[in-house]
Amino acid sequence: MRGLLWLGLISLAGSWLELSGFFGQLKHAGELFLFLGVLFNLLAFRHTRLGRLDSKLFMLGLPLLVAILWLPFPYRLGPGMLLLSLGLLWVSARIGLGAPLFLGVAWSGLILLLQGLALPLYAVLGSRFHEVPGISWLPYRLLHLLGMEVALTGNTIYTPTLKEVVAFTTTWERLGGLFLLLFLVGALPHLSFLTLSRTRAWGRFLGSVAIFVGIRYVGIILAFLELETAKLFWHPTITTLTFLPMALLLARWVPLREARLEFLAPQPGPWFRRREVWTGLVGALTAGTLAGAIGFQDPGIRKSGRILINERYSDWEWTTEKLDTTWYGQRTTYAYSDLARFLGYHYRVERNFKPLTPGRLKEFDILILKVPTEPLPPAEIEAVVRFVAAGGGLFLIGEHTNVFGHAAYLNPLAERFGLRFRYDSTYDLPTDWQSAWKPPPLLSHPAGQHVPYYDFATSCTLEAGLTVGHVMIGYQMKSRWLNYANANFFPDLGPADYQFGVFLQAASVRYQQGRVLAFTDSTTFSNFSVFEPGKTEFLLGTMEWLNRKNRWDHVNSLLLIVSLASLTGTVLLWRSVDHGRAALILLSLCLLVVPPGLRWLSAATRKAYPLPRPHTAFTRVGFEREHSVYFFPGGSAYLGSEPDNFNTFFVWTQRLGMVPRLANSLEEGLETGKILVLINPQKPFSTQERNRLRQAMKAGKGILILAASADPQGAANHLLQEFGLRLVATEPRFMQILNQEGLPVGGLEVRGVVEGGTSLLRLEDGRTFMAMRKEGKGGLAAVIGHHFFNNAVMGSVDTVPTVYQRLLYEMEFWLLRGLDAGEFEPFVLKPEEVRVRELGMKPPR
């Protein structure tokens, strides 16, 4: 029954596929595979007999508890399982549960601990290396022998179907790379403790795995040709299930015997012999210095923060196209004017239309090169390289599929720093929609550590070596190559011709005294997207990292050298010690050192790279989401016209020079915004929250309530009654709206009125359409009419407004101006001509 251990290992590796999120996250399936893995291990050890165990095993308890407290999920699974096994050992010594329970759980915990170490390694390697060169001829030959009509070009196998020719490029992911890594690492205890001849066992093991992987790959290709779904290659559950038969092969060719666990028994003499302790100490030094080499971020020397945004050679996403209340059209929102404005609140920002000469660059600390549509001259590339070498910061912003030739124009410069923009586009693997990114819980890059999450539109990916820093590694993604036959270069969505897995979406380089950061989705910095969650945090984090000269750039290399030297010492000491006892000491010390060390490095980076404080005041508008109910799209979903989509209302605050921000709680909205917007509030407000709103208004805050209904028991009415206002429903009717002076401003379909407070807008029958309540220096404005301001009525951010939409736009502007100032002037619809800028027009110089 030792063959069950191979099933247990496959199940535990499969649990990581489900729980890690590399190819989509299926929590319940992951929990099931975790349970099955432990169960198989318990059954495999059910006849094992153990003598008395050494009580010093319990010394692992404290290190394991430290690891559980300091490591995030799912990395704490291994330490947690090992700590549980110690508890079972203590119980079994008193009530006689026996060895199988302890051994099965401990064995599972050891495997999970080793596999957890492999996940970060896969993220680094898997985001940089995808294709497996030189082996496609093997599955090609097998398919040919099976009578398939196939062709081989380079590393890609082609086969025709009734609809099209399908291409299969052999990549690590198609072979099950992550699963194989987890399986190989998890097999270390099997081959170390349960085989007679380790050398022979390793040979048989690797040969069996290689044969099975090849057969499985061919089998999945055949299944795809029948079922026409690429999920066969990447779906976590399918991957695990298709590897299960490998257990039968391994049970036959790599038989396992009883475990050699003599080192767990009490031994005569001192348990902590000096040489074993030294082995553990030197091994822990290896792990600690390796963690430091990976996680240390040079705080650098901060510069003065002078930013130059290059407009020369870039006829796209212009900083010159101002987003205001006069100009409309796609060109005004698909621009970078608000990016430049926001950065200007924190740094000194200039636009450049001149050649990039050494003299010009010397005046600045950071250069931003965005989506070039013309090649940079070689002399200017050399000037930029020298600028970085002397301590400058360079921010390269690319886009998907080499659109406008930007990647071809950026790469001659990017390649000087070991970077390359690929000619692809990316999508979320399970949904085929836009991808999203969250910073890792430990050792996040300074540029991304303050980002809550980041919704991409469509990015390309980066090629980079192992010495390049990873700022954003995108999980559960697919990458499709460009198609020049399409006007936007987007690829045709074939069934299988894409890569999948993890990819670099942002990367960093320290080059001599300066720094370079490359990013792959320029759209997310456009005016319509730049103030979505995560965008400004990433922008400011990037500027802070680039606004430093390297100071301790050698520290990472020194720590790596020390780690390699101590690893050599560990290997030499290992030859002459009791391996079991030395491993326990080494494991205890590593658990005590590495998890707290990783947390300390993360905290040190956060302290060294805080987000900068603005030097110029601006008005922030908080859109509250704790009590409000509305849809806010991310990525490129801004064009949606759903009735609960308020994206355009959100972006239009920027036309007044304000900065909108989504607030997940009422308190966050009040803390960060001069104006707080409540849209369709549904969750009741507590007494404490109502008092907090009153205090905020007295201090000068403005509150805007866009109610969906006049429900007497609704959250909106309950809140407004606290301030002497009440919403009353009416029959829907088109009526003229009058301002405070009694002048008509336009007509709307009215569904309710407001009683109490000061009337801001009246209906033609004298009732109040919109009212406010002054409170201290601030106030509150309310209206039953959130539907007026959704995307279904206001249009998308690309809309050139009709007369009716212009009325709503001006009404929003008037409301925000009044809440910002603390008082309202009479609403007047100005007879200004709407000016239009579409993408085909040249930007002004």
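Going from the start of the chain as shown, residues are counted 1 onward.
Cβ from N, Cα, C; glycine included.
Note: TrEMBL annotation is automatic and uncurated.
The feature domain 'DUF4350' is assigned by TrEMBL to 338-541.
The annotation transmembrane segment is assigned in TrEMBL to 29-45 (among others).
Residues or ranges marked as transmembrane segment by TrEMBL: 57-73 (among others).
Tertiary proximity for the transmembrane segment (104-125) is limited to same-chain residues at least six positions away from its ends with a CB under 8 Å from its CB atoms, namely 5, 8-9, 12-13, 16, 20, 22, 37-38, 41-45, 74-75, 77-85, 88-89, 177-178, 181-182, 185-186, 188-189, 466, 470, 473, 502. The transmembrane segment annotation in TrEMBL covers 104-125 (among others).
What TrEMBL lists as transmembrane segment is 137-158 (among others).
Within its own chain, the transmembrane segment (178-196) is flanked in space by residues 2, 5-6, 9-10, 12-14, 16-17, 22-23, 107, 110-111, 114-115, 117-119, 121-122, 126, 202, 205, 209, 213, 239-240, 243, 254, 256-261, 501, which lie at least six positions past its ends and keep a Cβ under 8 Å from the stretch. Taken from TrEMBL, the feature transmembrane segment applies to 178-196 (among others).
What TrEMBL lists as transmembrane segment is 202-225 (among others).
Residues 2-3, 6-7, 10-11, 13-14, 17-18, 23-24, 26, 29-30, 33, 173-174, 176, 179, 183, 190-191, 195, 201, 204-205, 207-209, 211-212, 216, 219-220, 223-224, 429, 496, 500-501 of the same chain lie 6 or more positions beyond the ends of the transmembrane segment (232-254) yet place their CB under 8 Å from a CB of it. Marked as transmembrane segment by TrEMBL: 232-254 (among others).
Among the features that TrEMBL reports, transmembrane segment is placed at 277-296 (among others). Distant neighbours of the transmembrane segment (277-296): 442-443, 555-557, 559-560, 562-563, 566-567, 569-570, 573-574, 577, 582, 585-586, 588-590, 592-594, 597-598, 601-602, 605; these residues of the same chain sit at least 6 beyond its ends, with a Cβ under 8 Å from one of its Cβ atoms.
Within the model, the domain 'DUF4350' (338-541) shows a mean pLDDT value of 94, rounded to a whole number.
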